[in-house]
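Input: a single structure, listed below in structure tokens.
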Amino acid sequence: MWLIAGLGNPGSQYRNNRHNIGFMAVDAVYQSFSFSPWSKKFQAEISNGFINNEKVFLIKPQTFMNLSGQAIGEALRFYKLDLKNLIIIYDELDLSPGRVRIKIGGGNNGHNGIKSIDAHCGTDYCRIRIGIGHPGSKELVHQHVLGNFTKFDQEWLSPLLDALAKNIALLIKGDKSLFMNEVSQTIKNKNLL
């Protein structure tokens, strides 16, 4: 069993924000496979289905970014899942827009959603970091992450989310390298970045 969590903020005013790319990615997975309708549980929206015969729960915490760990921690405990069966998808300031990196464990790099998950769950889980770029100065970070994706961003955003969703089964099978290769190749082949 797996839990795939996308980080973001609830509410229509945040829907297209850079900070909500985790929600967008989980929505892309939801649309790519057969999942149950979204329901409310664990202070989150949650859905379940199967990817490669593995039971998977998708979760979008509705606690706002800084408290994401509360919802994810509740779900992990309820389903008795280990951190090795948790995948978190979120925005990363220190990666160029559209770049993707994956790692197990590590620090939070100042990301408040990750800080919350680390505090409530521990640190040894899979992280898919999607680059949103840095605005250049610390004073502009808040405005940048809560700003909407630009028209230029839309050119890489949809294909990237589609590639993540279509290849997530590789990650569930434990093939991180092939997952990264497939996602990177999709972006490269489309000359998006």
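Each residue, glycine too, has its Cβ placed from N, Cα and C.
Among the candidates Asn112, Asn148, Asn167, the residue that Swiss-Prot annotates alongside Tyr14, Phe64, Asn66 as binding tRNA is Asn112.
Taking the Cα atom of each, Asn9 (site 'Discriminates between blocked and unblocked aminoacyl-tRNA') and Phe64 (tRNA binding site) are about 5 angstrom apart. Taken residue by residue with DSSP, Phe64 (tRNA binding site) is part of neither helix nor strand, so it is coil.
Distance from the CA of Asp91 (site 'Stabilizes the basic form of H active site to accept a proton') to the CA of His19 (active site, proton acceptor) is 6 Å.
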